[in-house]
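Report on one structure; see the data block that follows.
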Amino acid sequence: MKKIAILTSGGDAPGMNAAIRAVVRTAIDKGLEVMGVQRGYSGLLNGELFAMNRTSVSDIIQRGGTILRTARCPEFKDEEVRKRAVKILNAYGVDALVVIGGDGSFMGAKLLSKLGIKTIGLPGTIDNDLAYTDFTIGFDTALNTIVDAINKIRDTSTSHERVSIIEVMGRDCGDLALHAGISSGAEAIIVPEMGEFDRDALCRTILDGKNHGKTHSIVILAEGIGGAEELSKYVQELTGIEARATILGHIQRGGAPSASDRVLASRLGARAVEVLLQGETSRVIGIRDNQIVDQDIDEALAIESKFDLDLYNVAEVLSR
């Protein structure tokens with residue numbers, strides 16, 4: 001193996017730059033050439049590749065987003081399109097590809113592997129929705145961004161004695177909502193893993209809190225449930241307490257990565273190169289029990305949700 005390429009795909013996550021830096025510098029240290037691919041699989045199809053060196057990744061570990069840019073590429077599901085991508089990689093002399101992203105990005109990597117390109121995936125998504133790894137790159141930073149926002153919302157919620165319903169990211173995974181809820185002392189946490197929730201029970205919880213002296217309530221809602229605006233109107237109507245909805249949106253994706261995300265991304269990126277040099281392909285890198293691990297992509301994606309029911313139950317007790 002002489003040359004590898006690296007791309008970021010799907011939604012951006014803080015810490016992606018730290019991972020890029022780790023891959024590039026580890027690869028160069030091992031005597032490999034490195035190429036960056038701009039704008040994910042879409043950029044790959046357009047031949048947007050460029051040579052990278054140590055200087056290319058100087059002063060980026062503290063930056064949010066991704067210097068390689070990112071994009072979604074639904075056409076990559078077409079095998080003929082993927083064959084075109086392989087021809088482009090071959091034309092540049094690329095032997096292996098490191099992909100930073102989520103499950104969709106990993107599927108693209110797996111399919112490229114079947115066409116002869118060695119691939120390794122790094123988990124870059126704020127949702128923490130890849131069950132094979134304890135944490136994904138970007139989760140910790142997004143969590144801290146959310147908690148900071150909740151703290152500010154709580155200030156105004158307290159002043160106005162109102163209910164604040166805060167919607168956070170997490171389409172199929174409630175980890176952000178759960179961890180943010182317990183970190184901020186929320187009165188209720190609503191996540192997709194717990195099934196359909198009872199709006200009337202939520203209203204009773206809020207009224208019970210008021211009867212015990214609570215002057216305001218914070219409710220954290222995962223976007224996979226959605227409907228924050230509608231829920232706030234329902235709560236206000238049934239409880240008689242003013243309620244407001246806040247959808248945090250893309251602020252959760254931005255900002256300088258936390259120290260934890262920088263360390264995680266650096267460890268994962270370095271291991272990705274080591275696994276490639278061992279001749280492995282179609283693998284993903286993750287962390288379990290603070291140990292860096294690698295696993296077959298299919299096996300990793302087949303693992304069911306790792307939602308922490310024990311932590312949810314702790315949050316339920318502490319919110320009363």
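Using the three backbone atoms N, Cα and C, a Cβ is placed for every residue, glycine included.
What Swiss-Prot says about this one:
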- ASP127: active site, proton acceptor (ACT_SITE)
- GLY11, ARG72, CYS73, GLY102, ASP103, GLY104, SER105: ATP binding site (BINDING)
- ARG21, ALA22, VAL23, VAL24, ARG25, ARG154, GLY185, ALA186, GLU187, LYS214, THR215, HIS216: ADP binding site (BINDING)
- ASP103: Mg(2+) binding site (BINDING)
- THR125, ILE126, ASP127, ARG162, MET169, GLY170, ARG171, GLU223, ARG244, HIS250, ILE251, GLN252, ARG253: substrate binding site (BINDING)
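For the pair MET169 (substrate binding site) and ARG21 (ADP binding site), the C-alpha distance works out to 27 angstrom. Within 8 Å of the Cβ centroid of the ATP site, not counting the listed residues GLY11, ARG72, CYS73, GLY102, ASP103, GLY104, SER105, the chain contributes SER9, GLY10, GLY40, GLY101, GLY108.
In this structure, the binding-site residues under consideration are VAL23, CYS73, ILE251, and the one with the smallest number of other Cβ atoms within 10 Å of its Cβ is ILE251.
Taking a C-beta cut-off of under 8 angstroms and a sequence separation of 6 or more, GLU187 (ADP binding site) has the following same-chain neighbours: THR205, ILE206, GLY209, LYS214, SER217, ILE218, VAL219, SER319.
Taking the Cα of GLY11 (ATP binding site) as the reference point, the closest of the binding-site residues THR215, ARG244, ARG253 is ARG253. Taking each Cβ in turn and tallying the other Cβ atoms within 10 Å, the top scorer among the recorded positions ASP103, ASP127 is ASP127. When Cα-Cα distances from ARG25 (ADP binding site) are compared across the binding-site residues ASP103, THR125, ARG244, the shortest belongs to THR125. In this entry, ADP is bound by ARG21, ALA22, VAL23, VAL24, ARG25, ARG154, GLY185, ALA186, GLU187, LYS214, THR215, HIS216, whose most widely separated C-alpha atoms sit 53 angstrom apart.
Nearest in space to ARG244 (substrate binding site), taking C-alpha to C-alpha distance over the binding-site residues VAL23, ASP103, SER105, GLY185, is GLY185. Of all the recorded positions in the list ARG21, VAL23, ASP127, ARG253, the shortest Cα-Cα distance to GLY102 (ATP binding site) is found for ASP127. Within 10 Å of its Cβ, the residue among the binding-site residues ARG25, ARG72, ARG171 with the fewest other Cβ atoms is ARG171. The number of other CB atoms found within 10 A of the CB of GLY104 (ATP binding site), across every protein chain shown, is 18. A count of other CB atoms within 10 A of each Cβ picks out GLY11 as the most crowded of the binding-site residues GLY11, THR215.
Sequence-distant neighbours of GLY185 (ADP binding site): residues of the same chain at least 6 apart with a C-beta under 8 Å from its C-beta are ILE218, LEU318, SER319. Checking each of the recorded positions VAL23, ASP127, THR215 against CYS73 (ATP binding site) by C-alpha distance, the shortest gap belongs to ASP127.
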